[in-house]
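For reference, the structure discussed in these notes is given below.
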Amino acid sequence: MAEKMMIQFDHVTKKFDGETILRDISFDIERGKFYTLLGPSGCGKTTILRLIAGFLEPTEGTLTFDGQLVNKIPPNKRQVNTVFQDYALFPHLNVFENVAFGLRINKLASKEIAPRVKEALHFVNLDGYQNREISDLSGGQKQRVAIARAIVNRPQVLLLDEPLSALDLKLRTAMQFELRQLQRRLGITFIFVTHDQEEALAMSDEIFVLNQGKIEQSGSPRSIYDEPINRFVADFIGESNIIPGKMPQDRVVSFAGKTFNCVDQGFNKNESVEVVIRPEDLELKQRGEGLLQVRVESQLFRGVHYEIIGKDEAGNSWMIHSTKSAKINDEIGLYFEPEAIHIMRHGESEEDFDRRLESYEGADHD
Amino acid sequence: MVKKRTWASIYLFCVFVVLYLPIFYLMFYSFNKAGTMTHFTGFTLDWYKEVFSDKRLIVIVIDTVIVALLSSVISTALGVVGALAVYSTKRRSAKNALLSLNNILMVSPDVIIGASFLILFTLIGIKLGFVSVLLAHIAFSVPIVVLMVLPKLQEMSPTFIDAARDLGARRRDVLLKVVLPFITPGIFAGFFMALTYSLDDFAVTFFVTGNGFSTLSVEIYSRARQGISMSVNALSTLIFLITLAIVLVYYFFSNGIGKAKSYSGGRRV
């Protein structure tokens with residue numbers, strides 16, 4: 001276990017000029033996984049990255065690498081390398097010298113440097129680019145050089161600070177795939193910072209969803225998408241319909257004036273809750289069929305699907321993603337499986353939430 | 001559109017004629033046999049011979065160049081350090097105060113700077129001559145260098161420093177391997193600016209120079225007062241040509257090097 005835990009945040013708080021950026025954060029980073037810190041701008045995700053890199057010191061709490069306290073260790077003495085948002089490639093050096101920078105600083109013999117640089121450039125598919133000047137590279141190529149410059153030092157952890165945000169959509173998708181591949185091949189820990197939920201879902205082993213200096217939820221992309229802990233996470237990751245409801249008993253939920261079967265349990269009798277149903281889990285039916293009746297208010301063609309907004313009799317708004325189209329002002333039926341319903345308790349902590357989910361998910365498998 | 005451009009060219013041409021005509025006029029008569037600036041009677045290089053045979057003048061030229069080179073090298077070093085200090089000052093008010101103090105020296109009249117140096121040097125007992133001129137030149141050159149280097153520093157992304165630290169660089173390495181190479185064009189610009197300012201300074205030097213030491217501009221001034229000799233014209237022509245050469249060298253450094261380097265890497269795919 002101790003082998004696997006490499007970075008540990010223990011009740012870390014960070015303040016700038018009296019303003020709290022991170023509040024009492026604790027989490028572990030394990031060896032060899034792809035982590036994503038996901039959150040809106042100003043949530044503190046970059047601050048976490050800079051704490052790990054050593055550019056900042058925690059105001060309170062401890063930060064340990066492999067059990068050793070590193071709060072005051074400067075960045076040049078940490079086995080961590082960063083890929084910066086603006087790449088920060090040195091314009092006065094060519095590609096080779098940029099990548100070799102860290103090796104030269106660490107006084108490696110020059111006959112060792114050349115093969116290492118070549119290998120790193122090969123890893124990022126930039127064979128033969130050694131002699132290019134930085135100003136002659138495209139955005140995607142700069143990105144790769146920045147990654148090569150970081151991995152050539154064989155860090156334990158690679159930190160990536162929104163590295164894809166300056167690329168166009170197509171290149172970004174291609175780079176997401178490549179980064180994931182690279183992480184698997186190198187077998188080192190990647191910590192990736194982004195505000196793009198699709199990026200996070202596509203690449204990560206584990207996601208930390210941050211908001212206002214706190215970790216709202218952590219877990220695999222699947223579990224965060226399917227079982228968001230609260231309104232913020234449900235809203236931030238994907239589209240969702242969030243409707244107020246009540247739990248008359250376990251596995252039964254009532255909302256929009258009706259009662260439905262669901263798979264959630266562990267609530268107080270008649271506890272008021274929030275009900276989440278993803279738009280793609282709603283199926284269009286003929287009028288009178290299905291579980292809910294809604295009137296179509298608007299429809300947008302999104303390419304992959306239609307985005308239909310409808311209103312039910314109780315006045316709740318529903319977003320539906322469907323490959324079928326509907327007519328505005330028509331009454332339509334909506335159907336969903338009991339598994340599509342996810343119930344969120346008000347103000348539940350992440351520990352309680354995980355415990356409750358485990359208690360009945362384990363039972364289901366028997 | 002075409003017409004507009006012709007008018008603009010004509011205007012520009014006129015401006016340059018007005019600016020350069022007196023210089024060319026002066027250069028033209030430096031070859032005049034008659035020794036006046038009214039009638040051109042024939043071509044001669046006598047005035048140039050006179051300049052080169054004038055031992056006192058040669059010494060002054062050498063002194064001027066030595067003062068210029070020394071003062072610009074020293075003030076470049078001081079100015080770079082000063083610019084780094086201003087750049088790394090975190091507090092906004094302190095930074096602005098430093099910059100203002102720097103700029104006041106730039107804009108205040110040379111006469112005032114010269115007079116105040118004269119007072120200072122006599123107060124602390126520095127003998128007027130080579131040392132006092134050198135010190136004064138260094139002093140008025142430093143703000144120029146700071147002003148030339150600082151924009152380069154501000155242009156530099158702060159993540160360069162982070163990246164260098166991240167890659168294992170100590171503070172010294174960050175300065176030597178990242179910051180200084182990045183601001184090199186600014187350092188050269190500052191050096192050549194300081195050099196030209198020192199070469200053609202008159203007012204400050206006039207105040208702080210003493211017996212037995214003179215620079216070219218002061219010497220030309222005193223000779224011109226005794227009546228115009230065409231050797232002054234010849235000397236001015238030579239100075240003009242040298243200045244032109246320095247400007248060309250400066251141009252080569254600021255444009256030539258950067259371009260030559262960026263094309264050596266081949267074309268982009």
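Every residue gets a Cβ built from N, Cα and C, even glycine.
Curation plays no part in TrEMBL annotations; they are all automatic predictions.
Per TrEMBL, the features are as follows:
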type     : residues  : note
DOMAIN   : B:61-250  : domain 'ABC transmembrane type-1'
TRANSMEM : B:7-28    : transmembrane segment
TRANSMEM : B:57-87   : transmembrane segment
TRANSMEM : B:99-124  : transmembrane segment
TRANSMEM : B:130-153 : transmembrane segment
TRANSMEM : B:174-196 : transmembrane segment
TRANSMEM : B:202-222 : transmembrane segment
TRANSMEM : B:234-253 : transmembrane segment
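The largest share of C-beta pairs under 8 angstroms with the transmembrane segment (B:174-196) comes from B:234-253, of the ranges B:7-28, B:202-222, B:234-253. When Cβ-Cβ distances below 8 Å are used as the criterion, the transmembrane segment (B:99-124) is approached by residues 82, 86, 132, 135-136, 139-140, 143-144, 146-147, 150, 201-208 of the same chain, each at least six residues removed from its ends. Within the chain, the transmembrane segment (B:202-222) has long-range Cβ neighbours (under 8 A, six or more residues past its boundaries) at 57, 60-61, 63-64, 67, 109-111, 113-115, 117-118, 121, 127-130, 132-133, 135-137, 140, 232, 235-236, 239.
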